[in-house]
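TrEMBL lists 7-25, 37-56, 68-90, 96-117, 126-145, 151-172, 184-204, 216-234, 246-266, 272-289 with the feature transmembrane segment. Residues or ranges marked as domain 'EamA' in TrEMBL: 11-140, 153-289.
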């Protein structure tokens, strides 16, 4: 298969994983676990999985001591800050609000990439991102949007999360050029998990794991294996070949897949306009990804 199609297929799979997460993981927080306890659990188990996977597939070692500092900085934005802010924000606001606010992520990635990596801002990228953002907003606006004090605070957290994740996508790109994706992710998650411990160590001892029904356990397994281990690893692999803007843009597919899954499960009613909004998002993907290749942003065929 063409390498470019493999990369975009991996990013689309990440969108599907995150989109399904809204349905599958619903109910874990705050009914059974607090956000900080859940974050510590998923980060700890995912870190163990990353290190096992690295031991089985790679012998690569860190070649520059100063790269450990870069791993730690990426952990602040991509694991510790990203996870803590997002899940605490989501516990206060609604998934609909979060979906709308997260449309800012690709725009922030575009600006930060220009600022830190000197990536070109083209009209094709701008138009593609704007079309996708409009498609996402129209797709979720027919659902109930929460407007109250808690939701407003949660919305601020979600926007901060979008900013943190955008910084991570840009900051981790040079490391992806230097190391294998699994090497980068295992170190970023190790540092990130250590940073999360002070926030989650007390809440996790309050969790009554023995009271969990099987459905909640399966939801937790999905969050750890799917939205943490696989999603971060696939994103890392994609970042090795394409620029941060393209990876960031695929966040627009999450509400598309979430809507499709809820329609299949009978939780939403199918409407033709939803298809139009989804096509707008896919057209945006095409515009953003079909850019002129440069030495710094070339996908290998």
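Quick reminder: no glycine exception, Cβ is built from N, Cα and C everywhere.
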Confidence summary (mean pLDDT) of the domain 'EamA' (11-140): 85
Leading stretch by Cβ pairs under 8 Å, where the reference is the transmembrane segment (68-90) and the options are 7-25, 151-172, 246-266: 151-172
Residues of the domain 'EamA' (11-140) by DSSP state, where helix covers H, G and I: 101 helix, 0 strand, 29 coil
Beyond the flanks of the transmembrane segment (216-234) by at least 6 residues, Cβ under 8 Å: 10-11, 13-14, 17-18, 20-21, 24-28, 32, 38, 41-43, 45-46, 49-50, 53, 181-182, 185, 189
Contacting positions for the transmembrane segment (7-25) when only residues 6+ beyond its ends and CB under 8 Å are counted: 1, 95, 218-220, 222-223, 226-227, 230-231, 234-235, 237-238, 241-242, 246-247, 250-262, 265, 267, 285, 289, 299
Contact set, same chain, for the transmembrane segment (37-56): CB under 8 Å, 6 or more residues outside the stretch: 28-29, 79, 83-84, 87, 182-183, 185-186, 189-190, 192-193, 196-197, 199-201, 203-204, 206-207, 220, 223-225, 228-229, 232-233
Secondary structure composition of the domain 'EamA' (153-289) [DSSP: H/G/I, E/B, coil]: 117 helix, 0 strand, 20 coil
